[in-house]
Each structure stands twice: as C-alpha cells, then as structure tokens.
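Supplied in structure tokens, the structure appears directly below.
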Amino acid sequence: EKWIHDPFAAEIDEKGNIYGRGAQDMKCVSIEYLEAIHRLKKANVTLRRTVHLSFVSAMQDHCPGQTGHSSVLLPNTAREKMMLDKFCKFREQEKKKLENNPSLTLGDVTTVNVTMVQGGVHMNVIPSEFIVSIDCRISPTLDIAKFEKTLKRWCEEAGEGVWIEFEAKEPQTPASRLDDSNPFWVAFKKASDNIAATDSRYIRELGIPAIGFSPINNTPVLLHDHNEYLNKDVFLRDIEIYCKLIPAIANVET
C-alpha cells in the first residue's frame, strides 16, 4: 500500500521512470546483461572467450529456550539468547569506522542488518524458539575465520542450544587486483573510460578474480525500498555500456 504504482507491473510514469520491485536490484541488470548479449549476437560479434551468465538467488541465528505462559518470569527463555546486543554493538563499531575516517566507504567495513525475526504464535505464550536472520556483507579485510569464531563464542555465551546456520558462506579469497598488473582490470577500466555490487562471490569461490560493477547512475538508491524505480534512459544507457564492456573483457589477451 506504500507504492504509488503496482510493484510488479513495471509501470512507466510521465518522467520515464520504471517502477517495480527489482527495478534497481537486480532485475534491471539481469535484463541489461541479456539484452547486451542479444545485441552482440545479432551483430555477429566474435569473442576470444566464452561468456557465462549466472543468475543466483544470510545467516540465521537459532535461539531455543523454555516455553510457558507469559505471566511467569521463566528462566532460560529464547528471547534472552537472541544475541542482538552483540550484533548491534559490532554494527556500531563498523559505523564508527566510517564516521571517523572520511576516506573509507561501505566496502571497507562489514555491514550488519537484522532482516527477519521469527518466533511465537500467541500473545500470551513465551516462544520456545526464535530464529533471527542477519545479513552480513563482509569487508575484504575482515578475517572470516576469526569472525566465525567470534560468532560461535557469542552462541556459547548466550546459553545452551544456540547455534548459527550460514545460508551463504564462502572461503576467504584475496581481493581482485585493481591495477595495471591485472589485464582484465585494464580492459575494464579502458572500456569504462571510453563510455564515460553482487553475486560475484560464487565466481571467487572457484578462484576466479571478479569485479562487482553496476552502471546505474543519477538514481536515488531505493534497493528493496518502496517505489523502487529506474529511469528508462539510464536503463538503455546501461545496455550500451555492457555492449562495450563485455567484448573488452572477453577479448583480453593473457
């Protein structure tokens, strides 16, 4: 009810703004990839390498405890074990890093956001379990092994029966080199200069360097927000950008 247009209708207003869930994240980029490949195939462009298009779909904290009527002050309840204070404290530390160092960007810190809390079916019954979904975007400089040990320690400190399940967890891999020693970066930068984030973790798992990139500009950030939109001119320009970037990277000589 907070949308001015149907979020699944892709309606275009008089300014050329396309409204819809995923207009910025990430249906737009998926469509731009496909259209760019379609145009390259139609133009009979030959590439040195095969181009693969990958389309893919956070961490859950399980907190079991004693159940019973809510009029009683029972010990060992699930809510007491949710560890939200631990995550909030860690989140605040990361925010302070950004505030205290203007040279840092979001990519230099680890973002932590609680996205779902599940538990309880009746107002007067203490839930036997809470499930908390937490989305963490890990900074390249954070030691993942140490961070996981910290999470396990938090579980132990929270009490008996608390555990964490990872919906997506990858081994630590070095960040892609963004300098002249990386021929793919050189090609990428050159193509970008001439014309004016992601699920790349699955590629990095295989040991393949990956660079996250979105050409969207001059657009307010409304990812997963109400009235998410992308202007048609930006959308069409993005396709042109990919039509130049894809051949540039696919034809790199190594």
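Glycine is no exception: its Cβ is also placed from the backbone N, Cα and C atoms.
From TrEMBL, here are the annotated features:
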BINDING   ASP25  Zn(2+) 1 binding site
BINDING   ASP25, HIS224  Zn(2+) 2 binding site
DOMAIN    63-159  domain 'Peptidase M20 dimerisation'
For a quick check of packing: other C-beta atoms within 10 Å of the C-beta of HIS224 (Zn(2+) 2 binding site), how many?
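Excluding its own Cβ, the number within 10 Å is 10.
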Calculate the distance in Å between the alpha carbons (Cα) of ASP25 (Zn(2+) 1 binding site) and HIS224 (Zn(2+) 2 binding site), and round it to a whole number.
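Pair distance, Cα basis, whole Å: 7 Å.
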What's the number of neighbouring CB atoms sitting within 10 A of the CB on ASP25 (Zn(2+) 1 binding site)?
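Total other Cβ atoms inside 10 Å, all chains included: 18.
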If you average pLDDT over the domain 'Peptidase M20 dimerisation' (63-159), what do you get?
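For the domain 'Peptidase M20 dimerisation' (63-159), the model's average pLDDT rounds to 76.
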